[in-house]
Ligand code: C2O
């Protein structure tokens, strides 16, 4: 495998000559409006402004959403490609609810392949079959069919949703999911405006077209490299990067995200990395930022200049519009140190405009000044110890520790696959949840072996965890790349982590249990490790996987089976089972 070292920077400023971004309208507050000539497939970015008149104290209610996925030709950055859109637009619509609400989402599949929708970060306690994970909690929704997701939200904060079928979300099936709560009142006074900001790396080809090359014989885990990065689903792209015979149709007609701010006001930006592969380092010229939420955990404010955010992670940042009244860059630098190689067409300096003056002109370099702090030359999270949850929750004593090893190995036919221990995941035709419930109902003892389950086929690594036990997973990476690991159905405590070396088992008695950071996605550094803890109290089959689209497809996924006592009495709802019966 190629070393993941930093190559000479491609350099070069972002030329905007010949590009005239559309003007903003004059509404107050944050108005990343790129409306005037907005193509019909481009979502109005104003939809991501969270109206502050929303009633966080409203009585629980049922909220209904319809998401229809289809394929169109669109050019979010000027390069035309087949794009998967929701309700005809990209990125996906905002889903906004209150804690306690019941959410009904009717997902209709107008794609030519199967699909699903996963609600990233939600516990789904009692509704494991609504987790949206193909091969684990459901079969794919077939083309032409609909499926109704039905669950109650028992948490609050910044989340997102995405397809969980193959690498499909990479092609556009992503959107923000915001949950409010009366508990938010204690932080609401810290900001005047609340804004969702989607960051993502972006490819000019369908992921299904990129996968065969990635997974082909002899390719040693050289992941497809992003061609661009988007903020609110938009960015410029320099069409001259492609030769006329490249096969890409490119129009120099795109735009960039614009955030209007008012002097003296304070802003909450809820950053969500909905990308496939790339970590971003976020900063705002001339403005310090304060982190107040990581994934969905509120934290005591941490002041930073640059914030790394890896795939699937969320951070809320605050900034005060207290600088000279002019324009500034919001920067989301894609960290290509994390990549195995460089893509010559990729400009890693992804930007949005912050304007105090409702103007679209590029900031003057003398006025908008980047932070001089060097960019990270590693793909690491903000130190977990710097994040202290606002609502303290001590970690319980551990009962069982499961060490796992992640690696890429060349196997049969020179195929490079990802392994957790000795298993490389392939989604089974019958979801593991359906298999487990059926097996438990008939008292098949294979489904109650605690530890590594023997009940599933050899491409499933399922650990059956004893009810109510406190589980530590020690993730050891033998790989040279960084991996954002996500656990479904839980927030885990980060007990310890290291960028290299190994966990010192003798340090167990000295771990901070008082109020360690808890979240749902953690970056395990190259050749690094992390010790995460969760309580086995949520019934079902839960994936733990690297969220890099390519790595999931290469097999970097395992599962936990939890609370057999409850699952034994379950019947998977008939509409969920019906998805597996091909018509
Ligand atoms: Cu964001 Cu397995 O999911």
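Note that Cβ sites are derived from N, Cα and C of the backbone, with glycine treated the same way.
Just so you know, TrEMBL annotations are computer predictions that nobody has curated.
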Per TrEMBL record, range annotated region 'Disordered' [choices 1-42, 43-84]: 1-42
PLDDT averaged over every residue in the domain 'Plastocyanin-like' (426-564): 96
For the domain 'Plastocyanin-like' (72-183), the number of residues DSSP places in helix, strand and coil: 9 helix, 51 strand, 52 coil
Number of helical, extended and coil residues in the domain 'Plastocyanin-like' (426-564), per DSSP: 26 helix, 52 strand, 61 coil
